[in-house]
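Take a look at the structure below.
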Amino acid sequence: MIFIMKLKNLLPIFCFFLVSFSISSAQKCGKTGLFKPNDKYDINRHLLLSSLASNVSARGGFYNASIGQGPDRLYASGTCIQGSEPELCSACIDSAFIRVIKKCHNQTEALDWSSFNEEYPCMIRYSNRSFFGLLEMTPFFKNYNATDFQVNLTEFYQKWEALMLGVIADAISSPNPKFYGAGTGKIGIQTVYAFVLCSKDISPWNCSRCLRGNVDNYKLSCSGKPRGHSFSPSCYMRWDLYQFYGFIEYRASPTLPREKGRISELSDDGGKISTRNILGITVALAFFITVLLVLGYALSRRRKAYQEFATENDITTSGSLQFDFKAIEAATNNFQKSNKLGHGGFGEVFKGTFPNGTEVAVKRLSKISGQGEEEFKNEVLLVAKLQHRNLVRLLGFSVEGEEKILVYEYMPNKSLDYFLFDHRRRGQLDWRTRYNIIRGVTRGILYLHQDSRLTIIHRDLKAGNILLDVDMNPKIADFGVARNFRVDQTEATTGRVVGTFGYMPPEYVANGQFSMKSDVYSFGVLILEIIVGKKSSSFHEIDGSVGNLVTYVWRLWNNESFLELVDPAMGESYDKDEVIRCIHISLLCVQENPADRPTMSTVFQMLTNTFLTLPVPQLPGFVFRVRSEPNPLAERLEPGPSTTMSFACSIDDASITSVDLR
């Protein structure tokens, strides 16, 4: 009976731990006005907010911008922790974008202070009025635990406020304010953790004013509640009894007063709790926490498995904008041929212009393509989760009957092959531009293989899938045949080979095996094409043998006459050492044995560290020899007369839809 009474006394504490898992985000939709779905303001909102993740993470944790004119003009900003991992920042901004679009679906103003997976805080905000650089302390929002805190509140809040002020001072300390702070302190038997964050476009003084206002408002309205957070448009504050953001260093606050004695913890009747009772409470509480954690873990695993099963193939949960098909038709002038930019194995690409003047690239999947639906779903689900300056950005999609549309950011300079393989235009690609393209593509592939939340094998790297922005910066595109690897997965095998001839490694063509090293091989071929200025397939009969670009370069390398490779269109204005080093790296990438090929991380080091000694390249894949018998697989790959070679593939680099390996 006594034990049951003690358990009764523990229920408020037990409820506290239950409630403590609830704080993760807070979205506030403005009441200043509404807009109609798919009008100019709605389009501007999606276009600007969908680009926040990449821009905020690429600019050190803060970015603001506006888009549109007159009443359709929209202002937006994003805030992360300065100096934090770009991938965490990007993921948090992306999740906030998805939430605010869903909850504030037609409000002209909204903000979201949130955390990604309870591990990383960030903020996004948009409005139809300019708020850049303005201190805005209202409206004030709060969230707190409903359980009463059983402590001496006067003594507790004296030290709690000292901790908060110390954290605020850390956030605005000169000479380089961080605009965020984190601290911890011991108050009685409790360890308290605190965190603050300000929008970086306000001054340090205004940051302090905003946070102090939050502290005062919280004390007035949430006194006696253990844990909580409060925020206004310009700043955010959170405190709790556990280390809620695991990656942040919580410094012991220098302003926290030294304790003169223990804070008296009161029982329900107002008396002191004895040592024996404290021990009993501690044991019982430990038991409840253990049970809670076990149950919580089991339930979370079950819920996560169900959610993954339910959403794995649902593109509506991808976070991308679903455009109205009629808006796409209007933007492309009903897919008029004059707006056509090109075509691929699964459809055509058109230029589109929205009413606000925003230009986009619209990929219309072929209705008769056997793999079109799979390609479409794969591209939406993968690319929506990727954010990098060297990857083309997916703005959204549209589904209308048999029509399947992908909407991308528009690249005014089209693709690399548009310049590289045209005898007139390739003169515009000097060596510095080509070298920057090589380095940019390296960064993009490295992100796919190593630095993103997913491990992505592209499987179709080629000049036609490298788009160029207005400054000729490269962006990798076309993820229709890409595959996502598990964390512990290094390779996979497929019975259907997809990709482009001339770029596919021998183990993939012959056996359907692909891995990160498959992309490395394709990248090696791409480097050679950039240097030579010709397609890999343009090198045929060489000294009585069937050849390709890899064969040709290997022979010149062995003869030490590799500078004959250099595209004459570049003239003499190129760095010979850089060119030779790039040729050397490319030959390392196209080695026959995948284990001999470097990783993209190593390739990046080879390109950026000229003092790094490069190993001697071994025999590359696809060193062709004359063979009298026809190759049946090659006949299936490329219609027409069969091509004789030592591996089952065509020397043409035409794109293919699929090949069934038997």
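Cβ atoms are placed via backbone N, Cα and C, with glycine included.
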From the candidates Asn145, Asn413, the one which Swiss-Prot records as N-linked glycosylation site: Asn145
Record feature N-linked glycosylation site (Swiss-Prot), assigned residue among Asn106, Asn356: Asn106
Assigned element (helix, strand, coil) containing Asn106 (N-linked glycosylation site), judged by DSSP: coil
Shortest C-alpha distance to Val349 (ATP binding site) - which of the recorded positions Asn64, Asn128, Asn206, Asp460: Asp460
Candidate recorded positions Asn106, Asn128, Asp460, pick with smallest Cα gap to His343 (ATP binding site): Asp460
Minimum Cα separation from Asn55 (N-linked glycosylation site), reported as the residue among recorded positions Asn64, Asn128, Asn206, Gly347, Asp460 that achieves it: Asn64
Closest of Leu341, Gly347, Asp460 to Asn64 (N-linked glycosylation site), Cα positions, recorded positions only: Leu341
Asn106 (N-linked glycosylation site) to Asn206 (N-linked glycosylation site) - Cα separation in whole Å: 31
